[in-house]
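Features as listed in Swiss-Prot:
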BINDING   GLY50, ALA51, GLY52, LYS53, GLY54, THR55, ARG168, SER177, TYR178, GLN240  ATP binding site
BINDING   THR71, ARG76, GLY97, LEU98, VAL99, GLY126, PHE127, PRO128, ARG129, GLN133, ARG201, ARG212  AMP binding site
REGION    70-99  region 'NMP'
REGION    167-204  region 'LID'
Amino acid sequence: MGYLDDEVKRLQGIISNIEGRVQALESRQLGGNQKKTAEEIRMILIGPPGAGKGTQAPKIKEKFNCCHLATGDMLRSQVAKKTTLGREAKKIMDAGGLVSDDIVIGMIKEELDNNKECKGGFILDGFPRTVPQAEGLDKMLRERSQSLQHAVELKIDDQLLVSRITGRLVHPASGRSYHTTFNPPKVHMTDDITGEPLIQRSDDNAEALKKRLATYHKQTAPVVDYYRKTGIWQAIDAAQAPGQVWKSLQAIFDGDKAKAKKAGSGLLSKLTPSS
């Protein structure tokens, strides 16, 4: 048994050295001595307007130090910066057309490549809205040797949404959202973080919302089915208080950590002799 014990220790040492070299290479890949975070998130938030994506996304961003890519905001930013893709998108929008999936996916890829916040992963909000978009996103991520971890759907009854949205307040620059009744800002009509003014969107009224919800349900059902088949879809009851929704999200993330810990210890456990 002495020989076997020595051999196990020798192999464990080799594995430990390999793990150290992998971490060093990952650090160099990130550019310098920055250590790659053990926690990284790659997820999509699915949910109708008013489900709470704008409330939960900043919390996820803070937890993982990742980027929040709300496609509408990203599109406006690219147009304002006059990037190549932004100029192309503006030309299409000025002509009354819809920006192509390839352009939007190109913008997401550009953010993942160049936005330092995306080193900790990303939250996609507002995309994909169709199955071809979901397939295009998966293809782009595969080319980066990545894949989505979660497609989390915030589910809520339409009637409750109407009451939620008609009192919604938004901080345009960040996408943070508040509610006059359910989640009011600390100072009236003022963003808690920046102190900048909040707005109420012109389409946040009952009739406009019902039309938006009908469109949302028609578009989103096939996308939800797509991610359900891949095994990464999970649903959360968004009718709960925001704090409870956050606890449900944390339970999903804690499940990731448990899986990673189990996978990481798998090889060493095989080399460790049973008592």
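FYI, residue positions are counted from 1 along the chain as it appears here.
Glycine too: its Cβ is placed from the backbone N, Cα and C atoms.
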Do you know offhand how many angstrom separate GLY50 (ATP binding site) and VAL99 (AMP binding site) by C-alpha?
24
What is the separation, in Å, between the Cα atoms of ARG129 (AMP binding site) and GLY54 (ATP binding site)?
17
Give the distance between the Cα atoms of THR71 (AMP binding site) and ARG168 (ATP binding site), rounded to the nearest whole Å.
20
Number of Cβ atoms other than its own within 10 Å, given for PHE127 (AMP binding site):
23
Specify the nearest of the binding-site residues GLY52, GLY54, ARG168, TYR178 to ARG201 (AMP binding site), where nearness means the distance between Cα atoms.
ARG168
Sort the residues of the region 'NMP' (70-99) into helix, strand and coil with DSSP and give the three counts.
22 helix, 1 strand, 7 coil
Test of understanding: give the count of other CB atoms lying within 10 angstroms of the CB of THR71 (AMP binding site).
19
Sorted by position, what residues of the same chain at least six away from GLY52 (ATP binding site) have a C-beta under 8 A from it?
LEU154, ILE156, ALA238, PRO242, VAL245
Could you say whether, by DSSP, GLY50 (ATP binding site) belongs to a helix, a strand or a coil region?
coil
